[in-house]
Amino acid sequence: MACLWKQHWSYWRNPPYTAVRFLFTTFVALMFGTMFWDHGSKTRRKQDLFNAIGSMYNAILFLGTQNANSVQPVVAIERSVFYRERAAGMYSAIPYAISQVVIELPYVLAQAVTYGVIVYAMIGFEWSASKFFWYLFFMYFTFLYFTFYGMMTVAVTPNQHVASIVATAFYGIWNLFSGFIVPRPSIPVWWRWYYWICPVAWTLYGLVATQFGDDVTSRIETNETVKDFIRRYFGYRDDFVGIAAFVVVGFTLLFALIFAISLKVFNFQKR
């Protein structure tokens, strides 16, 4: 509890991180909302669907990588303080790591709700309670796992600069295997295994399947229903959403766990 209280005041007194992230998210939400205005309600052409799905794909990578990058200097500075205070016997690594993870939860929730409400309304996705909940759910845990991924890269590397290089190396790979640039059915068999371990692919799967995977009334120019096209082209099934949600939460917990263990095991202090 003492560690959590310490993190609370540390974050509260750091508006360059907390407030700027919130303002940046609002700006991006308005930018994407105006750029993809009302595309969510247009499902008569393949291009309409690509536009709507593109809004999700761009948001995941744009805001996700921003979260991962912006948290790195915060964690790097806090880690230096942690080394001194742990040496003084004030607390151990695991309680500190848990507090660092927990303090991000409300801030990321505010970020996800802010972005989700603005974009969902402006893009014009279907106003269904379940669809809106799933949209917020996947956005929230996506922002979380990107944030925890950024924290993890700091914990496993000696400094922020190396952490940034390590983190950036995977952004391009996650982008390539997200399932948007190259849909899963079109990925060569010998590379398809990586699609299934790419967190961004599972996020996009969940978002698209919950919004369009059950649409059997709208038909595109090929005379397919939206549901059939989504399943054929992207390989998304609406009855697989629960698995996608489970995996996204799993990645969030995995990155948080690696962060905590790395903080306990590794010591990069210069002697």
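Yeah, the Cβs are placed from backbone N, Cα and C, and that goes for glycine too.
According to TrEMBL, the feature domain 'ABC-2 type transporter transmembrane' maps to 2-212.
The transmembrane segment feature in TrEMBL is assigned to 19-37 (among others).
Taken from TrEMBL, the feature transmembrane segment covers 105-125 (among others). Panel annotation: around the transmembrane segment (105-125), residues 11, 18, 21-22, 25-26, 28-30, 32-34, 36-42, 52, 55, 59, 63, 67, 131-132, 135-136, 139-140, 143-144, 147, 211 of the same chain, lying at least six beyond its termini, place a Cβ under 8 Å from a Cβ of the stretch.
Away from its own ends, the transmembrane segment (132-156) comes close to residues 59-60, 63-65, 67-72, 75-76, 79, 100-101, 104-105, 108-109, 111-113, 115-116, 120, 125, 163-164, 166-167, 199-200, 203, 206-207, 210-211, 241, 244-245, 248-249, 251-252, 255-256, 258-259, 262-263, 266 of its chain (Cβ-Cβ under 8 Å, at least six residues beyond either end). Residues or ranges marked as transmembrane segment by TrEMBL: 132-156 (among others).
According to TrEMBL, the feature transmembrane segment maps to 162-181 (among others).
Summarising the annotation, TrEMBL assigns transmembrane segment to 193-213 (among others).
Taking Cβ pairs closer than 8 Å, the transmembrane segment (240-263) reaches residues 79, 82, 93-94, 96-98, 100-101, 134, 137-138, 141-142, 144-145, 148-149, 151-152, 155-156, 199, 202-203, 205-206, 209-210, 213 in its own chain, all 6 or more past its ends. Feature annotation from TrEMBL assigns transmembrane segment to 240-263 (among others).
Within the chain, the transmembrane segment (162-181) has long-range Cβ neighbours (under 8 A, six or more residues past its boundaries) at 53-54, 57, 60-61, 65, 68-69, 72, 76, 149-150, 153-154, 156, 187, 191, 194-195, 198-201, 204-205, 234-235.
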